[in-house]
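This report concerns only the one structure given below.
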Amino acid sequence: MNTEMEGEEVLDAVILGASGFTGKYVVREFLSHLERPDGQGLRRIGIAGRNREKLGETLRWAAQGALPPSIPIIEADVTDAASMVALCRRTRLILSCVGPYRLYGEPVVAACVEAGVDYLDITGEPEFMERMEAIYHESALLSGSLVISACGYDSVPAELGVIFHARQWEPPSVPHSVDSYLVLESDKQIVGNITTFESAVLGVANADELHKLRRSRPRRPKLQVPGPPTSKAKSIEHQKSIGLWALKLPSSDAAVVRRTQALLAENPHGLPAVNENSELVEKRRKFWSEVKPLYFGVYLGSKSFWSIPRTICIGLMVVLLGRFSWGRSLLLKYPEIFTLGQFKKRGPTEEEVRSASFKMWFLGHGYSDESRLLQQGSKPNMEVVTRISGPEIGYATTPITLVQCALLVMDQRQGLPKGGVLPPGIVFGPTDLQERLEKRGILFELISKKTIS
């Protein structure tokens, strides 16, 4: 692991890309968590990026009128390998807010793995995550670097939401499938920033690379879900149980949850921690024994049917134009036009962030008694509905989830896996992350359980 250099303080964490649109919200969130839980003074954090002046402006903005704390400002450039090496010498953990990750993410991962420094990011780009796993997992295991992507809204709520939902199926009941339905709400317009949109456009442009990567890798075991195979998902559906119209989505959430499930198929009791006694081992084994395997799907939900054609229209424009360089140039030059105002170069205003919120419904079907699986032709006869709700997803929920993941790594490192390139669910599932998020306004609820005909 990282060691302190002579005459230079080694920080607990550094936020890289701190002056970016999401990065500045992460800085603001972190400033409210500088006190150590053991009362031993303040956490030592720094902020890093290419432009010292912009980083200083970010710190003043994040301090919200108060005197900015004495936090080191570090100049670092992801295109300069020596700069990344020097940054890793200064810290034990890097929070990377430098996207799109397809373009700027790998040098940071490579430097962290080489130095044995832990790494968290907020990407929602499946190809980047799976490519980093393919290239760096074995090296990260050896160096003791814990590399965890998707620690923002993508995909902590989905990961913890599936785990929370699965644990509501108490014996003798067993789940079979659960679908998530994301509903975005606001009194104002819901707006995303250009970097998020650019990541989506690049994902469409390079979809073939993701398929090629998956075909090139060894086939991993899958969790065995009791009962028949799940039926083919409908592209559009109306779910009366939760009062929503829904559109099936290609989603990073589904890819991340599948990675956690593949790891559980290989490690049914979860991953051992750096240092755990027999009591903690038993606690971990008990936790994962309560997380039953299930099929998982992702939908975008709305109370109104008429939002569905609008979303399809935007998706088609991105898919059709995103395959051509001239089309990508148009999409990124005029995001407001091609997304009907949902993405803007300036990003959302403070008022738009404050007014927005989300609800993620989890609608699950299964069997009231495991013995029903032995009956030929038996169909699911039980429904469980859970829900996660919280503030705006990109600049409120994402900083909360990232910072809470970081605090867990900083405060409970010996209770986490030694290293590797891993999804958040397998790492943070058995921890108190859910309780930490609830204290920050992200709520987990059991809505209903009932038998169905």
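Even glycines carry a Cβ here, placed using N, Cα and C.
Features as listed in TrEMBL:
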- 14-123: domain 'Saccharopine dehydrogenase NADP binding' (DOMAIN)
- 215-234: region 'Disordered' (REGION)
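Panel annotation: around the region 'Disordered' (215-234), residues 130, 134, 174, 176-177, 179, 248, 261-262, 264-266, 293-295, 297, 366-367, 370, 373, 378, 380 of the same chain, lying at least six beyond its termini, place a Cβ under 8 Å from a Cβ of the stretch. If you take every residue in the domain 'Saccharopine dehydrogenase NADP binding' (14-123) and average the pLDDT, you get 93. For the region 'Disordered' (215-234), the DSSP-based tally of helix, strand and coil residues reads 2 helix, 0 strand, 18 coil. When the domain 'Saccharopine dehydrogenase NADP binding' (14-123) is classified with DSSP, helix, strand and coil residues number 45 helix, 22 strand, 43 coil.
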